[in-house]
Amino acid sequence: MNELPGTSDTPLLDQIHGPKDLKRLSREQLPALTEELRGEIVRVCSRGGLHLASSLGAVDIITALHYVLDSPRDRILFDVGHQAYAHKILTGRRDQMADIKKEGGISGFTKVSESEHDAITVGHASTSLANALGMALARDAQGKDFHVAAVIGDGSLTGGMALAALNTIGDMGRKMLIVLNDNEMSISENVGAMNKFMRGLQVQKWFQEGEGAGKKAVEAVSKPLADFMSRAKNSTRHFFDPASVNPFAAMGVRYVGPVDGHNVQELVWLLERLVDLDGPTILHIVTTKGKGLSYAEADPIYWHGPAKFDPATGEYVPSSAYSWSAAFGEAVTEWAKTDPRTFVVTPAMREGSGLVEFSRVHPHRYLDVGIAEEVAVTTAAGMALQGMRPVVAIYSTFLQRAYDQVLHDVAIEHLNVTFCIDRAGIVGADGATHNGVFDLSFLRSIPGVRIGLPKDAAELRGMLKYAQTHDGPFAIRYPRGNTAQVPAGTWPDLKWGEWERLKGGDDVVILAGGKALDYALKAAEDLPGVGVVNARFVKPLDEEMLREVGGRARALITVEDNTVVGGFGGAVLEALNSMNLHPTVRVLGIPDEFQEHATAESVHARAGIDAPAIRTVLAELGVDVPIEV
């Protein structure tokens, strides 16, 4: 097992191997414990690629919840789950944190199969409230007695699923606690009317900063708690006036706050009184993303998931690599300068999708809808109906949430919407919840959607140009990772649906596009009889070239960074069958099972789509493959 960098004196944390050990500490010891937890999290995250700022901001509420509740009997749910590092440490996984998100190590999110203390498996936003409601309903139906508490960020609360669940929670009236962790951030800055309402609540200053502020907050809460319990609706000590302007109250959910989310002793005091109230209650806490680490507090967007850094100084080496996200961002920003119809829509992924510069250069043609993928797609449909050329910039794993909108709102009317799909394929350390290995399959099933897989930044630009100048919905998918930068003004002319022969050889031909093409070229580089085709379009296929290679080669190998179920390989087999061509075909792709976290290269090897795996298949097909020493 790996060791954490640096050393630290953690006398309190050393005593804790589970929640029961935490309860043995006095309340007066809790602030010191939270400082030790923050130091531990900083050391864990200093290796890079982990969720630092959000985890630091949630330390106090996680500590308070475990101090008051009885996990795993009581169920504590975390929305998204990336902020739950303190939860993992306090529930007996401290010695596994050095290997978090590594192959064979623990997940970076909560995961039911990992620990009895992880109430849900999660990675996507806005799911916790519906899960919590289901648990509360099941508890009551089974005649059991335990608490259900869900921790959700203000960013996740912008998601329609969370708001819809909140509406049902208020209607059902079951006992449960919702902790609204308000740090004004998701990954990018939060947007939308709900975010503005949350800021309005903070402005009212129902808690004060400075010495003695916590006591004042507690005193302010006492009367409203009594009012809530007696259902007096017109108390002069209500937190808001009138109550009807508060959407939580309007939904039938008791609201308390906002309170200081970094005073662990006062959070304990509050939780002890709130968890036993009948009906649903929201505790609104205000936190600072990156709390306790000055450089993370100053730049929470970068420190959300930083590269490797020195925990003492915050110094890090900026990456000089050119990412696919940057390639897309530069291309669409440049293209929009020449076409006033181009309008970019994204669901809370400005930084991740490479759109910071676009949002600055074209602020009136940029829309961040928050964590609301369905809204992003249908808003783009509305734009297209009015003659715009919207581009939806979205991660593959999140496009899954808007399948119906792509089908119903875009494809049926063959609208001019371009989907630029980042993080397509295996993403690596974030694991099963974030791998983008289904988009080829579900988009293939929608009539009229054309799908491209660029091999590099130049092809991405060519596909974007084609999509923005031709009618109908287009999908351009590209992986997480890096590509070669191309000069501004590079706009190659591509014909959609036309493949490219990259290596001669007619005995066995490998068909691959995107990331998989790199593996195919490497596998075949020293094999003269093995051809390689850049199958950069999955829909439509290049039937002319497929007929040619399918008629000559004795075997074809399709390779894709997508599930084998309904993917590129299936499309090739369907086409060959319709042509009455029957060469041997081997379909390589992601197996029909969820892939756990590891590096993308490791998962590709495990799935059998990397260069050595392709060479093994070539040998099985009778190709003379030199033995590698």
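Cβ from N, Cα, C; glycine included.
Residues annotated as thiamine diphosphate binding site in Swiss-Prot: H82, G123, H124, A125, G155, S156, N183, E373. Neighbours of H82 (thiamine diphosphate binding site), defined as other CB atoms within 10 A of its CB across all chains, total 25.
Among the features that Swiss-Prot reports, Mg(2+) binding site is placed at D154, N183, with the record citing experimental evidence. In the three-state DSSP reading, N183 (thiamine diphosphate binding site) counts as coil.
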D154 (Mg(2+) binding site) versus H82 (thiamine diphosphate binding site) - Cα distance in angstrom: 14
For thiamine diphosphate, whose listed binding residues are H82, G123, H124, A125, G155, S156, N183, E373, the greatest C-alpha pairwise distance in Å: 21
Collapsed DSSP category at S156 (thiamine diphosphate binding site): helix
D154 (Mg(2+) binding site) and A125 (thiamine diphosphate binding site), distance between Cα atoms, whole Å: 11
Alpha-carbon spacing, G123 (thiamine diphosphate binding site) to D154 (Mg(2+) binding site), which is rounded to whole Å: 16
